[in-house]
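Step one of this worksheet: look at the structure below.
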Amino acid sequence: DECANAAAQCSITLCNLYCGPLIEICELTVMQNCEPPFS
């Protein structure tokens, strides 16, 4: 789905757009799986 895709793309911006109430989970996924800086 688009929220999981946002996390896969390491994009906090896309997390905000697509994840709604799941934003915190999306952000955690990005921080755990991706190298900074996050977009």
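Positions of Cβ are set from backbone N, Cα and C atoms, glycine also.
Of the listed residues Cys15, Cys19, Cys19 is the one Swiss-Prot pairs with Cys3, by disulfide bond. For Cys10, the disulfide partner recorded in Swiss-Prot among Cys26, Cys34 is Cys34. Summary: among the disulfide-bonded residues (Cys3, Cys19, Cys34), the fewest other C-beta atoms within 10 A of the C-beta are counted at Cys34.
Non-local contacts of Cys15 (disulfide bond) by the CB criterion (under 8 A, 6+ apart in sequence, same chain) comprise Cys3, Ala6, Ala7, Ile23, Cys26, Glu27, Val30.
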